[in-house]
Amino acid sequence: MHTVLYSNMKNMFQLLSFLCVSLLVAGDVHHHAACSTVCSLKGILDSVSDLTDLAKERLATLQNPICSKDKAFYMETYTNVTQNKAEKNGLPINCATVYQQGNRTSGIYMIWPLFLNHPISVFCDMETAGGGWTVIQRRGDFGQPIQNFYQTWESYKNGFGNLTKEFWLGNDIIFVLTNQDSVVLRVDLEDFEGGRRYAEAVEFLVRSEIELYKMSFKTYKGDAGDSLSQHNNMPFTTKDRDNDKWEKNCAEAYKGGWWYNACHHSNLNGMYLRGPHEESAVGVNWYQWRGHNYSLKVSEMKIRPIIFVPGEGLPK
């Protein structure tokens, strides 16, 4: 019985590993979710009451080659293919490599991230803290009309707005950008009185749509006050997709799309209300700096690889 059970588990893991590898080679943006599913099955199977100690030990030996060795091999293969494809077109994979190519002017550039089968336009910040930042969100006072951030799941998935003004780059793209490198998220904030603050989240990661664009990071630093940790390990919520911990929908209540908990200490995709506002927590809020009744003038969210050296670029 033990042998049959082990054989069945081995065959199942081999099948799932093949699926994972196929997605990697195809460049499917959900490949990380598929592989994490393979890995997480160990925990599920461990909970089965009739799983013997012998089967557990053998299953543990299977986990490493399937979820680490094989995945690493095919990830390296696919990465090399994609990099060669991008290099043939002269396109960098993010704004850090745009910087590495000698560009020092902030603006719109074309990049070709790994795991995407097409290039995209992004705004690169080449000035803040040494440059090399790929901007994923911006709020600001750009006059009329004001960009509406009270959007649907599909809109946040694909992105919206104007790269030279207010925009959300898109959860699918953010997923790709945060999975091709280990990155730091920087949030730059400004109020209407001229005050400025920043926050950084190290090892910032957004998972795939299958995992509801769950966000996580390891450590926080900055002078804005920590309004991110409450949202750590939370999935994304919009007015039409409620994934938060509140009995109601945080996005619907606070007029945005965000990694709401129950509900928020930051709401950078809230309503653009220009300073103090009466209705609590519906604006572009950063609670640990200006509270729930002050909507900020500027918010910029940007990412770059952790290994980037300010003023020097990426290690050669």
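Using N, Cα and C of the backbone, Cβ positions are placed for all residues, glycine too.
What Swiss-Prot records for 1-27 is signal peptide, and it gives experimental evidence as the kind of evidence.
According to Swiss-Prot, the feature N-linked glycosylation site maps to ASN80 (among others), an assignment based on sequence analysis.
If you look up Swiss-Prot, you'll see 86-307 marked as domain 'Fibrinogen C-terminal', on the strength of sequence analysis. Model confidence over the domain 'Fibrinogen C-terminal' (86-307) stands at 97, taken as the mean pLDDT rounded to a whole number.
As annotated by Swiss-Prot, disulfide bond applies to CYS95-CYS124 (among others), with the evidence given as similarity to another entry. All protein chains included, CYS124 (disulfide bond) registers 26 other Cβ atoms within 10 Å of its own Cβ.
Feature annotation from Swiss-Prot assigns N-linked glycosylation site to ASN103 (among others); the stated evidence is sequence analysis. Long-range Cβ proximity for ASN103 (N-linked glycosylation site), meaning a same-chain Cβ under 8 A and a gap of 6 or more residues, is found for TYR109, CYS124, MET126.
In the three-state DSSP classification, ASN162 (N-linked glycosylation site) falls within coil. On its own chain, ASN162 (N-linked glycosylation site) has GLN147 as residues at least 6 apart in sequence with a Cβ closer than 8 Å to its own Cβ. What Swiss-Prot records for ASN162 (among others) is N-linked glycosylation site.
In the three-state DSSP reading, ASP242 (Ca(2+) binding site) counts as coil. Under the heading Ca(2+) binding site, Swiss-Prot lists ASP242.
As annotated by Swiss-Prot, disulfide bond applies to CYS250-CYS263 (among others), with the evidence given as similarity to another entry. Long-range neighbours of CYS263 (disulfide bond) (same chain, six or more residues apart, CB within less than 8 Å of its CB): ASP244, TRP246, CYS250, ALA253, TYR254, ALA281.
Of all Cβ atoms in the shown protein chains, 27 besides its own fall within 10 Å of the Cβ of TYR254 (site 'Implicated in ligand binding'). Residues or ranges marked as site 'Implicated in ligand binding' by Swiss-Prot on the basis of similarity to another entry: TYR254 (among others).
For the recorded site, HIS264 (site 'Implicated in ligand binding'), the DSSP three-state label reads coil. According to Swiss-Prot, the site 'Implicated in ligand binding' annotation covers HIS264 (among others).
Summarising the annotation, Swiss-Prot assigns site 'Implicated in ligand binding' to ALA281 (among others). All protein chains shown were included, and the count of other CB atoms within 10 Å of the CB of ALA281 (site 'Implicated in ligand binding') stands at 20.
The N-linked glycosylation site annotation in Swiss-Prot covers ASN293 (among others), and the record cites sequence analysis as its basis. Its own atom aside, the Cβ of ASN293 (N-linked glycosylation site) has 17 Cβ atoms within 10 angstroms in the protein chains shown.
Each residue contributes its Cα atom, and for ASP242 (Ca(2+) binding site) and HIS264 (site 'Implicated in ligand binding') those atoms are 14 Å apart.
CYS250 (disulfide bond) counts 27 other C-beta atoms within 10 Å of its own C-beta, drawing on all protein chains shown.
Taking the Cβ of CYS95 (disulfide bond) as reference, residues of its chain lying under 8 Å away and at least six apart in sequence are, in sequence order, TYR109, ILE111, VAL122, CYS124, ASP125, MET126, GLY132, TRP133, THR134, VAL135, ARG304. Under DSSP, ASN293 (N-linked glycosylation site) is assigned to coil, being neither helix nor strand in the three-state scheme. Of all the recorded positions listed here (ASP242, HIS264), it is ASP242 whose C-beta has the fewest other C-beta atoms within 10 angstroms. If you take the Cα of ASN293 (N-linked glycosylation site) and the Cα of HIS264 (site 'Implicated in ligand binding'), they are about 13 angstrom apart, rounded to a whole number. Taken residue by residue with DSSP, TYR254 (site 'Implicated in ligand binding') is part of a helix.
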